[in-house]
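Taken straight from Swiss-Prot:
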- 125: active site (ACT_SITE)
- 73, 74, 75, 110, 111: substrate binding site (BINDING)
């Protein structure tokens, strides 16, 4: 059963009033593929708009905090930790990993996914003038801890211990 639908099939925000407050964490990722020259410009600090990784990191953090404003049925959450890590992968990609934590009554998967997605979109925005062929791919949940549904880890996920 989809939890965001009532008995008549109408969308509603899930009532979490009676759920226990537990520690919750989620990790998500996104990959941005680009021309090798674009990645070289980013990692060398030669982008005329500034530090692409720093701007994307801040954008991801802001996005996690704004998730309930962007996704209609998400609860507003008091996140206690948001981390966004960006790293060059090979000679033509940036891997973004975002993690969110809180003690609360609902999970933080959407916040982690939103952080990774917006960080990827920010890279695209900052670099589109030099590389319109960039591709954002593999936006996915890597790991989820806490809550009633327990621990989830993607089959091929490589998550830090």
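A Cβ is built for glycine as well, from the same backbone N, Cα and C atoms used for every other residue.
Where Swiss-Prot records a feature, it is marked here on the structure.
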residue	record	Cβ neighbours (10 Å)
73	substrate binding site	13
74	substrate binding site	20
75	substrate binding site	15
110	substrate binding site	22
111	substrate binding site	28
125	active site	15
Can you grab the distance from residue 110 (substrate binding site) over to residue 125 (active site)? Cα atoms, rounded to a whole Å. 22
Please give the greatest C-alpha separation between any two of the substrate-binding residues 73, 74, 75, 110, 111, in angstrom, as a whole number. 12
Residues near the substrate site, 73, 74, 75, 110, 111 excluded, by Cβ within 8 Å of the Cβ center? 67, 68, 71, 77, 106
Secondary structure at residue 74 (substrate binding site), reduced by DSSP to three states: coil
For residue 125 (active site), the closest of the binding-site residues by C-alpha position, picking from 73, 74, 75, 111, is 111
